[in-house]
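Here the structure is laid out as structure tokens; the discussion comes afterwards.
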Amino acid sequence: MSFLLGKWSAIAKESINRAAIVAKFLCLLHVTNTYIFSPTLVYGPSMLPTLNLTGDVVLSEYISHRLGKVGPGDVVLIQSPENPRKMITKRIVAMEGEAVSFLVNPSRSDRSRTVVVPKGHVWIQGDNIYASNDSRNFGPIPYGLIQGRVCCRVWPIDGFGSL
């Protein structure tokens, strides 16, 4: 009888050890995906020709914006100021204190406007000015809405590389 009890005890210990390894792996995966980097599917016409209309998988990192290391030219993931459930991908054009000149409605007129970006805000625009809903429509966005910086495209494979 003690032989069977010892055998079951060894099996139980091995099961607990394996479950602990799986739990550690899942914790590491969660922390990596939430706080360091994760793949993100982005699609739509606003970032043409940089990103495809039908969708690209990009690798987004979540450390730079927390350290204040994003700037003009960076493509970023932003929580939409119009719909908080939606994430948008745009390029930072200007940081706080910088002046931005832009066409108010590029498809209808050549009228331009100049705005100074207020403290704690950034000016974002899509690369396709004719099909982008961005700071030209809703103004400068608070820096706190930036969720991550896009590092590189990982899919489709022929477009693999940094942006």
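Cβ coordinates are placed from backbone N, Cα and C, and glycine is handled just like the others.
Annotation comment: TrEMBL describes Ser46 (among others) as active site. Remark: Ser46 (active site) has Ile88, Thr89, Lys90, Gly126, Asp127, Asn128, Ala131, Ser132, Asn133, Asp134 as non-local neighbours, by Cβ distance under 8 Å and separation of at least 6 in sequence.
As annotated by TrEMBL, active site applies to Lys90 (among others).
Positions annotated as domain 'Peptidase S26' by TrEMBL: 21-101 (among others).
Outside the domain 'Peptidase S26' (113-155) by six or more residues, the chain places 37, 39-40, 42, 45-51, 56-62, 64-65, 70, 74-82, 87-104, 106-107, 161-163 with a CB less than 8 A from a CB of the stretch. Residues or ranges marked as domain 'Peptidase S26' in TrEMBL: 113-155 (among others).
The average pLDDT computed over the domain 'Peptidase S26' (21-101) stands at 90.
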